[in-house]
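Read the structure below first, then the notes.
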């Protein structure tokens with residue numbers, strides 16, 4: 001094994017090579033927004049540099065991985081529009097792209113590391129490790145692996161095996177500091193006592209993440225590793241492993257590393273994938289646009305300009321520079337996420353918006369019977385709805401008055417609107433509306449305006465009882481356009497029903 005001084009690694013290892021990045025999730029549970037942000041930054045980096053995004057599945061944990069989660073990952077990436085250049089369903093020169101199908105490769109690399117002295121068998125039992133770790137803590141010393149099996153003789157190994165002990169494989173860390181320049185955090189130096197020898201193969205022969213991840217990066221010629229801050233501590237170990245892989249002819253170079261900031265949730269705690277607001281499925285079910293969600297997630301650690309929050313994916317790709325990513329934790333703000341999504345909804349052309357709302361206009365989201373839906377009325381109301389909704393699922397409550405036989409019953413809205421003398425106001429408004437031109441929303445507005453004036457009310461106060469009578473809600477789409485689209489007979493019938501309820 002070579003003993004040359006450990007090199008100081010630069011953040012830029014382009015060397016004229018095309019940029020190759022990877023997104024490598026594990027198929028466990030539902031995709032979450034932190035995972036999406038990592039995928040987005042890798043995708044934007046690859047597209048900005050006309051590079052390659054490798055989509056790799058880290059499915060070596062048979063107890064936790066599932067085919068359902070794997071399919072969810074693929075579906076989520078497709079829904080988000082984050083296309084990949086190599087990986088599942090596409091293939092590529094480094095296939096297969098599922099780690100569970102690459103076990104022979106890892107076994108071969110582990111054997112080469114052992115043969116060259118970069119790794120060694122460790123026979124320590126869990127109890128022995130715990131005892132020595134506790135003793136180190138009590139003495140105020142580092143509690144990592146103490147190198148007990150680092151330099152066993154052949155006789156000592158044979159003796160352990162004669163006892164029936166099994167062994168894991170540990171990688172031998174260099175006895176010197178490792179310095180690297182993180183693309184996000186700058187120069188980082190880690191002392192050897194803080195990075196002990198670590199396991200790379202289990203006793204049953206199964207390779208660990210600590211081996212398979214950097215081996216795949218090496219074999220797939222990854223040039224830049226952009227990942228979460230939680231993996232920063234593993235970087236010195238991987239850099240040391242890369243040095244060994246390079247000397248064995250398995251890797252060409254050590255990639256540049258960039259560690260993205262934590263995403264914080266409620267109470268300034270790191271957003272966990274178990275937090276309800278972390279689930280990507282939540283945003284899909286609520287009707288976030290992929291562009292709106294990605295726009296917001298890109299702001300968790302990066303910005304396109306100090307005074308600009310809304311931009312397209314093309315603009316993101318054109319501007320994205322990993323060196324502009326902030327190392328400080330980013331707080332997830334649902335309200336801001338909703339605001340940005342609403343702006344992206346406004347940016348859609350009406351036809352695209354109309355089509356995008358489709359799923360929320362039928363079962364299981366829509367409370368009306370399928371035959372009650374009127375496509376012509378929906379097409380007419382859609383432009384007004386587009387200026388009001390925050391997420392696409394908002395559309396159901398905004399237009400249900402058109403397709404239900406009767407407006408929804410909301411006692412809070414009813415109580416709020418029917419103050420003063422609502423019977424007198426609605427009676428006058430009904431008479432004025434009956435005589436109005438129902439092809440002209442302005443005529444309907446004047447009908448309610450004059451009714452209000454007759455009772456000493458401004459338009460805002462006067463239209464509230466009419467709105468609740470017709471739509472069931474105090475807040476909604478422009479009232480007079482809504483009345484026109486609902487139609488004269490149905491609108492007047494609902495005012496009559498409200499009067500009957502008030503006088504019962």
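Keep in mind that glycine also has a Cβ here, set from the backbone N, Cα and C atoms.
As stated in Swiss-Prot, the feature motif ''HIGH' region' covers range 25-35 out of the listed 3-13, 14-24, 25-35. The stretch that Swiss-Prot tags with motif ''KMSKS' region', taken from the ranges 270-274, 275-279, 280-284, is 270-274. Listed in chain order, the residues near the Zn(2+) site other than 122, 124, 149, 151 are 120, 121, 123, 147, 148, 150, 152, 170, each with its Cβ within 8 Å of the site Cβ centroid. The binding-site residues 122, 124, 149 differ in how many other CB atoms lie within 10 Å of their CB, and the one with the most is 122. Mapped onto three states, the DSSP output places residue 124 (Zn(2+) binding site) in coil. Rounded to the nearest whole angstrom, the C-alpha distance between residue 122 (Zn(2+) binding site) and residue 273 (ATP binding site) is 34.
All chains included, 9 other C-beta atoms sit within 10 angstroms of the C-beta of residue 151 (Zn(2+) binding site). Here the candidates are the binding-site residues 124, 149, 151, and by Cα distance the one nearest residue 273 (ATP binding site) turns out to be 124.
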